[in-house]
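Below is one structure; the comments refer to it alone.
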Amino acid sequence: WEFNGSFHQPSAFLMLGIPGLEALHPWISIPFCALYLTALLGNCMILFIIKKTQSLHEPMYYFLCMLAVTDLGLALCTLPTTLGLFWFDLRRIGFDACLTQMYFIHILSFIESSVLLAMAFDRFIAISRPLRHPSILTKATVTKIGLAIVLRGMVSLLPIPFLLKRLTYCGKMELSHSFCFHPDIMNLACADIKVNVFYGMIILLSTVGMDFIFIVLSYILIIKTVVSLATKEECLKALNTCVSHICAVLVFFIPMIGLSMIHRFGKNVPPLVNTLVAYTYLIIPPALNPIIYSIKSSHIREALLRALRRKSG
């Protein structure tokens, strides 16, 4: 797949799996299958439980539904190409198909970041204004927030595929992962990519970067509110409602920040590290989030046990 000369667009890209471990791909696919299965079943379970349990029809769990839908989308975006490569050595992906997959991966990542911010805002209102919480975050308000999150992701990333289409590509058309990622495609171009780099950085900082800053600010305000509570028991009870959300934030943002830093500044980072961080960023959060919320949320745990009892009965 060495291309001589230059051209505007390649017909396809070649995806790589885990560099240096190609012979072990069938075995490596086993933990990947387990993670994908956990992500799909776990998030569907969360959606089913919240839909069927009337007492969970409140803002916190509506946002959790948005998170579950986003995680399902992320898992389904990367599952076909990742398992196709590991199982059947299907490395080829068409240029337009690659741009489409990349667009949806980035949109869903941005949506997940925004949903985590909305959940932080919900926790802040619930702790600082408990009596006004239902009137502030009504069902209509939650719906508007959800639509705004989706619209922001779609509009902000719309130019990215067109910016990639205008580039000239040459040389080896090999992607670093088993899915399409904007910096990965961009770096295969033999044209000036300053516009792509600049736009990608601006969008990342103005969306995910701002979301992270506001999440941190929300928790600073939550801690200030909790500290002012009368008793230690009240403090612990209030903070306990935030533990699962804090875990979800760390699981999502730490690999994402790491991957962004590697793509922009880690030229000498071994390819294996880059690949593992990318897989951690896109596959681990969808698999872990339903587990985190099932373990930490007593309401979801109780609803799940009731559903299991009904099934067994």
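Placed from the backbone N, Cα and C atoms, the Cβ positions cover glycine too.
For 24-49 (among others), the entry in TrEMBL reads transmembrane segment.
Feature annotation from TrEMBL assigns domain 'G-protein coupled receptors family 1 profile' to 42-293.
Annotation source TrEMBL lists transmembrane segment at 61-88 (among others). Only residues 6 or more beyond the boundaries of the transmembrane segment (61-88), in the same chain, are considered here, and those with a CB under 8 A from a CB of the stretch are 15, 17, 25-26, 28-29, 32-33, 36, 39-40, 43-44, 46-47, 50, 101, 104-105, 108-109, 111-112, 115-116, 118-119, 122, 139, 142, 146, 149, 178-180, 248, 282-283, 285-287, 289-290, 293, 299.
Positions annotated as transmembrane segment by TrEMBL: 100-121 (among others). Only residues 6 or more beyond the boundaries of the transmembrane segment (100-121), in the same chain, are considered here, and those with a CB under 8 A from a CB of the stretch are 60, 63-64, 66-67, 70-71, 73-74, 77-78, 81, 93, 145, 149-150, 152-154, 156-157, 160-161, 164, 179-182, 185, 207-208, 211-212, 214-215, 218-219, 245, 248-249, 252-253, 256, 282, 285.
Residues annotated as transmembrane segment in TrEMBL: 142-164 (among others). Within its own chain, the transmembrane segment (142-164) is flanked in space by residues 59, 62-63, 66, 99-100, 102-103, 106-108, 110-111, 114-115, 118, 182, 185-186, 189, 195-196, 199-200, 203, 206-207, which lie at least six positions past its ends and keep a Cβ under 8 Å from the stretch.
Residues or ranges marked as transmembrane segment by TrEMBL: 197-222 (among others).
The transmembrane segment feature in TrEMBL is assigned to 243-264 (among others). With a threshold of 8 Å between CB atoms, the same-chain residues lying at least 6 positions outside the transmembrane segment (243-264) that come near it are 67, 109, 112-113, 116, 119-120, 123, 181, 183-184, 201, 204, 208, 212, 215, 219, 273-274, 277-278, 280-281, 284-285, 288-289, 292-293, 295-297.
TrEMBL lists 276-295 (among others) with the feature transmembrane segment. Only residues 6 or more beyond the boundaries of the transmembrane segment (276-295), in the same chain, are considered here, and those with a CB under 8 A from a CB of the stretch are 18, 32, 35-36, 38-39, 42-43, 45-46, 64, 67-68, 71-72, 74-75, 77-78, 82, 105, 109, 112, 176-177, 179, 181, 244, 247-248, 251-252, 255-256, 258-259, 262, 301, 304.
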